[in-house]
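Annotation comment: TrEMBL describes 305-334, 346-368, 394-415, 427-445, 451-468, 495-515, 527-554 as transmembrane segment.
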Amino acid sequence: MIVPMKKLILLCLEREVQPTLEEVGRFGQVHVEHLRRPEGEDLEGERARLERTKRALALLPEPEEQADPECSGEEIIASLEDLDGRRHRTREMLEKLRGERKRIAPFGEFDPLQVRELANRDIHIRLYKTAPKQPVPEPDDAVVRVFRRAKGEAFFAVISRSLPKIEAEPIDLPDMSLSEMDEWIRRAERELQEIAQSLKRCACYRHVLEDRLHLLETRVHFHEVERGMEQAEPVAVLKGFCPAEREEELRGLAARRGWGVILTDPEPEDRVPTLIRNPRWVRPIKAIFDMIGITPGYREVDVSMFFLIFLSIFFAILVGDAGYGALFLGMTLAVRAKWPHAPGHLFHLLILMSSCTIVWGVLTGTYFGTGLVPGPLERLQIGWLTGEGADAHLMLLCFVIGAVHLSLAHGWNAIRLMNSVRALSQIGWIGVTWSMFFAVRYMVLNEPFPPAAGWTLLGSAVLVLLFMNPPREIKKNGFGYVTFPLDLINNFVDLVSYVRLFAVGAATFAVAHSFNQMALETGYDGVVSGIVATLIIFLGHTMNILLAAMAVMVHGVRLNALEFSSHVGMEWSGTEYRPFRYEADSAGNT
């Protein structure tokens, strides 16, 4: 659910801003909204230090062990910046040397200094390259030496006392010979290895920089809140939002500290942050919300439960393979065992998705793209999903899922609008959705269209038109009547779009099956053919798993975040609730 909020206006004496913010930060429940842009030289300096620390941390690998340094965090960062600068310069030099070597390599080993000395004696040696299929020039007063021919091009030198005009691309002399380039390349590679070892040795100090980063983040946030307050001497004003359930606690704190506080319900124009609090079993969906960066608006609804349930179903159908599901589950459990202290939302989500995929794969008898079902599991198959007409049945199931999904959206709206006549309009949309279901079934699956569905569509459309707006709002919101035909078409299109579950699931199986067939045709008769066949299976299924994962993000998430959410009336316009928190020494030195 979305936790109700109270809007806070807090007044304190200007000279007591810092202790006031420390108390508010220790309370840890106020999402601050700046009344003016936070700025200032000291704040910019803190932000710069924060960015330097982030860049320094990005240079360090994960440590094998920790150690306490004999120098400060600032000195560690300076050392890391020096190493990074050396690495950057060495990489640039190495790239330039390799490019120069590639340019000169066709001409072989020679000393450019000797070529320049010969030029001082009027013996000129010029290097050239012809365009593809262009003949090598043969001037009368010069000697031509061809060094290499490759891909239709010729690399050659012209030796003469004059400087004849040559119809070819000139190649500038290098600054050093190939052997010297090779030596410099080896030095640069050794330098990079030494820098990498130095960074690895510094990794044991990573915890120092992580502590510094946390401290600087807290400190920057503290000063941003301080600079974002409105200063109206002799008072300062802080604006923010607090969960309504903590109102009395905040009022008590204000009374003890002598602050003036105003706690009111948010106005329609306020940008209220969204705090979502769900049952434990629903919380894994937060991993998806964080991944794609969406938050419901404060005045919208929390669709977490339906999002999780239907995304699990979509994941199972899109991947559609019990073998893949078991592989996902095993990998998830292994990674979780290796990092037991990592946030659990993503792991719980993957365990749920993998389990649903295994169940669906068992019901459809699909194991790594084959129809070879282990004996004990054969009885668990559903013939309606695997026998004659299975494709049509699967498409029908997808349309049923879509109709149920969209009906739940409008049913939810009807419950929310229970005290308004607009609830009847949402019930009308449920009737429209199921009428469209029978229309889709008729057009796609060639099933008979029941006459009752036509009358249901007509009656539902009338219900929507009559009650989509209360009488007093018809003039203000009358444009909805103009777009109603387009809304009907959109309802039909949204329902049809659920066929993507069948299409992508079938494609996943087809790709896996094709690679299995390729491996069988290659055979396991010999060592080489066995290795090739194994590689085909490994690479093919790896690619297929990656494509299936992409399909879940593209199609599974879309059906929830777009089709379903648009029928609920959601725009995902929210701002995540991020309370201001203060820790000891966060406003001090680091």
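Think of each number as a place in line: the chain as shown, counted from 1.
Placement of Cβ uses the backbone N, Cα and C atoms for every residue, glycine included.
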State the residues, same chain only, that lie 6 or more residues beyond the ends of the transmembrane segment (451-468) and have a CB under 8 A from a CB inside it; answer 'none' if no residue qualifies. 421-425, 427-432, 434-436, 438-439, 477, 480-481, 484, 488
Long-range Cβ neighbours of the transmembrane segment (427-445) (under 8 Å; 6 or more residues past either end): 392, 395-396, 399-400, 402-403, 406-407, 410-411, 413-414, 453-454, 456-457, 459-464, 467, 488, 491-492, 495-496, 499, 567
For the transmembrane segment (495-515), could you work out the same-chain residues 6 or more beyond its ends whose Cβ comes under 8 Å from its Cβ atoms? 314, 317-321, 366, 368-370, 391, 394-395, 397-399, 401-403, 405-406, 433, 436-437, 440, 444, 536-537, 540-541, 543-544, 547-548, 551, 555, 559, 563
